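Quick look at what TrEMBL lists:
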TRANSMEM  A:12-32  transmembrane segment
TRANSMEM  A:38-57  transmembrane segment
TRANSMEM  A:69-88  transmembrane segment
BINDING   A:Thr109, A:Thr110, A:Gly219, A:Thr317, A:Asn433, A:Leu434  K(+) binding site
TRANSMEM  A:134-159  transmembrane segment
TRANSMEM  A:180-201  transmembrane segment
TRANSMEM  A:228-253  transmembrane segment
TRANSMEM  A:274-292  transmembrane segment
TRANSMEM  A:330-352  transmembrane segment
TRANSMEM  A:395-418  transmembrane segment
TRANSMEM  A:454-479  transmembrane segment
2 protein chains.
Amino acid sequence: MRLPLIGAIVGVYALLFGLTLLAPIAVGLWYGEPQWRHFLWPMLGSIGLGALLWLGGRHQARTLGVADGYLVVALFWILLSLLGAWPLHLGFGLAPVDALFESTSGVTTTGATVISGLDTLPRALLFYRQQLQWFGGMGLIVLGLAVMPLLGIGGMQLYRAEAPGPLKEEKLTPRLTQTARTLWALYLGLTLACALAYWLAGMTPFDALCHSLSTVSTGGFSTHDASIGYFASPAVETVAVCFMLLAAINFAVHYAAWSSREPMRYLRDAETRAFLALVFGCVLLIGVVLRLEGGYEGLDESLRDALFEVVSVVTSTGFGTVDFAHWPDFLPILLIYISFIGGCGGSTAGGIKVLRVLLMVKQGLLEIRQQIHPHALLPLRLGGRSVDPRLARSVWGFFALYLTTFALLTLLMIHAGLAPLDAFSAVATSLNNLGPGLGEVATSFATVSDLGKLIAVGAMLLGRLEVLTILVILSPAFWRR
Amino acid sequence: MRLPLIGAIVGVYALLFGLTLLAPIAVGLWYGEPQWRHFLWPMLGSIGLGALLWLGGRHQARTLGVADGYLVVALFWILLSLLGAWPLHLGFGLAPVDALFESTSGVTTTGATVISGLDTLPRALLFYRQQLQWFGGMGLIVLGLAVMPLLGIGGMQLYRAEAPGPLKEEKLTPRLTQTARTLWALYLGLTLACALAYWLAGMTPFDALCHSLSTVSTGGFSTHDASIGYFASPAVETVAVCFMLLAAINFAVHYAAWSSREPMRYLRDAETRAFLALVFGCVLLIGVVLRLEGGYEGLDESLRDALFEVVSVVTSTGFGTVDFAHWPDFLPILLIYISFIGGCGGSTAGGIKVLRVLLMVKQGLLEIRQQIHPHALLPLRLGGRSVDPRLARSVWGFFALYLTTFALLTLLMIHAGLAPLDAFSAVATSLNNLGPGLGEVATSFATVSDLGKLIAVGAMLLGRLEVLTILVILSPAFWRR
Ligand SMILES: [K+]
Ligand SMILES: [K+]
């Protein structure tokens, strides 16, 4: 354990976080809102804290152990959630637990909220919430990866602990720094394109920018209580659907398709194909059920709402145009199920990830074939190639941990006072970084007890770090090293 | 496909089923109940149908293909459910769907019911329900295995498709017929010991016999609406707890312990150890929560109820002394979770089985260690030995299929009109062959729609055959052979 070095790295991130607060300050000044001052102390405090930590540890060895990376990442996300809550509590007067909930929900790109009356809030605050999601989306960590080497610290261990998706060893380019910069360039490019598209579709420049930040990060915060439903615009919905889908596809696939200028690369990727098939299969099923039982006049209208909500849920964005919690029949539960699948690995989406679910389903189907041919050697295949048994094993282990975490947190959430179904959906929506749930937590966590909010905070962090990072640092084996 | 041969084998089972109806007829005659006649036509019909099928196919080749076994077993269980419903519908006047539900719930040892007012029913009918569970428990199939060779038909393929538990290739004795006879001797011995113990604990001889049939089969039917609670006797509860636990331990472990006269053999088996640890861990947790929040006066009383309900649920028996659906806090949901684990493989219990869950949990913990030592080769171990990767893979495949089946059936059950939480528990209790659920299905399925009852019937059969057998015969690959 190299605690001072770990502190120094976390310090750099705190410093970077402090600098990002310049943006909401600028927004407040631009719109002449006195609340820009609420960000001043948090900015100076974060920068000061970061500088202190950095100065304390910078003379230490410059290499992290494999396992140290997990501690850095976990500490960083916890610190980020706390620093993010600072202006919300001391500046805007949210209760401590509420501020922590809102901040964690932001940086983990969950997008659940305890605030109502968004439409009347100062723009500096609205922008700040959106920005939390954007930085959380690709992860300040990856930003740090691009910066750290400038400071002389290698970061592969951070990438292992942080990057979402099962293929952690997969890098876009040979050099890690280059990878991080490429990821951020893609992320920034997508965000600018999204903002421009929203503006062309009729949003104000402010709304367009704000919603692009929470679309590309699959965060789901909005500047309006009615979320995307506020705009009542097919054009806006189309833009949202397109960019939510793009944000939930593996960024390595984006890179391959764009750098080679071959759009067919998307369809050559087995995970992307499965993801799109899942989306359109669910849209069709849900569109038909909505038409038959949801009081819709025509299939075109029911398909439109089905498309938006399925994409919003499967990408774990959580934008709403209608309230799926009040849809008929099994639809609310089906949408909660879908949120467990989530987007593709290596994207900003939450959930178990399509690739892992695909491998589990394939193993299930293989097991059926194995029964019919008990002595055959049937390899698990994906996209025409055999799957490395070690990757497959890690997927199954992950699956077991994810489900166990979900089951235990649901029991805790019931203990915190929620009805069983509400607790089930509250944990699912937090762990999968989705946002909206069912029943009591359909639109807001405001009425949930403090204990319940803290459990949700834990679930959001567990989900954002794909369970393993937190479980690793909680394991006795980690501290026994 | 050798359809006439398959028909002949299924015919033998139908004939055997017909012969078992002599027992409720004898009970009716003994107690002077005119309802003994209700079993006459079903008996003659089953025997006649069986004989016809047998005569039609007996001249065919005497060897079954690997996959044919699945068809025999699936057809047999479906036919058994239908034949079992015959006296209930035509004799006792239950609606067709209710009769099918009650019959399937019996033979699959689920123990959910649509009948109320048990205490006033004719004893012939009460005995018949208990007997359905007993034959279903070890499986008429295994009985058939002991008989078939006399008729010149080999049966290993049936054993593969039918025997519960992940270690299907594990045989007690080298010869299959011998294995089947040994299993039945153990089963019969346990049943007689259980009946004797119930009688000594104060039950009437009739109740003692009836409850031994549904205890050793982990079926859970009772002759009283209040189930085991009717007796309000610590002695009766103790007997029930002991024999439920025994019935949920792998019969191969029983055989090893008893044939070698070494009781420590039980604790040398990793699955049995995990099973007992699970039971006593849950009893302690639930006992404490009940004492704190359930209005109990002392820990001894709360532990007593916790012990009975945990054992009843984890062994998938479903007897009740109290109604756990109305326990406080997270306890009802925890008990539904426990029912997914179920008993040990190779026992009469339902659920996923302890061994499979243990392997999943171990793989999860291994994955955490793998993160800390990313380049180490960490084998999955159980009881000091490495687990065969093919066994491990089949466990993960099974897990995926079981969960997917559960998730899809829950959606269907909501479609059939149940509230989401009730649907969740109704499918869980059917698929895990438990019996009682939550809410609307806490004590009876009487108010569930016909569609809901049919979904439950499907779930019970899927659960009893451990999902795979049914999925195999539904797969295109099966029919393409
Ligand atoms: K989200
Ligand atoms: K049962």
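Glycine too: its Cβ is placed from the backbone N, Cα and C atoms.
In TrEMBL, annotation is done automatically, which means it is predicted and not curated.
Sequence features annotated in TrEMBL and their locations in the structure.
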residue: A:Thr109; record: K(+) binding site; DSSP class: coil
residue: A:Gly219; record: K(+) binding site; DSSP class: coil
residue: A:Thr317; record: K(+) binding site; DSSP class: coil
residue: A:Asn433; record: K(+) binding site; DSSP class: coil
Item to check | Neighbourhood of ligand 2 - binding-site residues from A:Thr109, A:Thr110, A:Gly219, A:Asn433 with Cβ under 6 Å | outcome: none
Checklist entry - Which chain neighbours of the K(+) site, leaving out A:Thr109, A:Thr110, A:Gly219, A:Thr317, A:Asn433, A:Leu434, have a Cβ atom within 8 Å of the mean position of the site's Cβ atoms? => result A:Ser105, A:Thr108, A:Gly111, A:Gln133, A:Ser217, A:Thr218, A:Gly220, A:Ser316, A:Gly318, A:Ala349, A:Gly350, A:Gly435
Item to check | When counting Cβ pairs under 8 Å to the transmembrane segment (A:180-201), the leader among A:38-57, A:69-88, A:228-253, A:274-292, A:395-418 | outcome: A:228-253
Checklist entry - Which stretch, A:12-32, A:69-88, A:228-253, A:274-292, A:454-479, tops the Cβ pairs under 8 Å count with the transmembrane segment (A:330-352)? => result A:228-253
Item to check | Listed stretch, out of A:12-32, A:69-88, A:228-253, that has the most CB pairs under 8 angstroms to the transmembrane segment (A:38-57) | outcome: A:12-32
Checklist entry - Near the transmembrane segment (A:69-88), which same-chain residues lie under 8 Å Cβ to Cβ, leaving out any that are not at least 6 residues past its ends? => result 1, 6, 9-10, 13-14, 17-18, 21, 38-39, 41-42, 45-46, 94, 96, 98-100, 102-104, 106-108, 128, 132, 136, 140-141, 156-158, 160-162, 457, 461, 464-465, 469-470, 472-473, 478
Item to check | Within-chain partners of the transmembrane segment (A:454-479) [C-beta distance under 8 Å, separation at least 6 from its ends] | outcome: 67, 70-71, 73-74, 77-78, 81, 97, 100-101, 104-105, 107-110, 112, 136, 161-162, 164, 350-351, 398, 401-402, 405, 409, 412-413, 416, 426-427, 430-433, 445, 448
Checklist entry - What same-chain residues, at least 6 away in sequence, bring their CB to under 8 Å of the CB of A:Gly219 (K(+) binding site)? => result A:Gly106, A:Thr109, A:Thr110, A:Gly111, A:Gln130, A:Gln133, A:Trp134, A:Gly136, A:Gly137, A:Leu213, A:Thr317, A:Gly318
Next on the checklist: For the binding-site residues listed here (A:Thr109, A:Thr317, A:Asn433), tell me which residue's CB has the most neighbouring CB atoms inside 10 Å.
Outcome noted: A:Thr317
Checklist entry - If you draw a 10 Å sphere on the Cβ of A:Leu434 (K(+) binding site), how many other Cβ atoms land inside? => result 34
Next on the checklist: With every protein chain in view, what's the tally of Cβ atoms within 10 Å of the Cβ of A:Thr110 (K(+) binding site), excluding that atom itself?
Outcome noted: 34
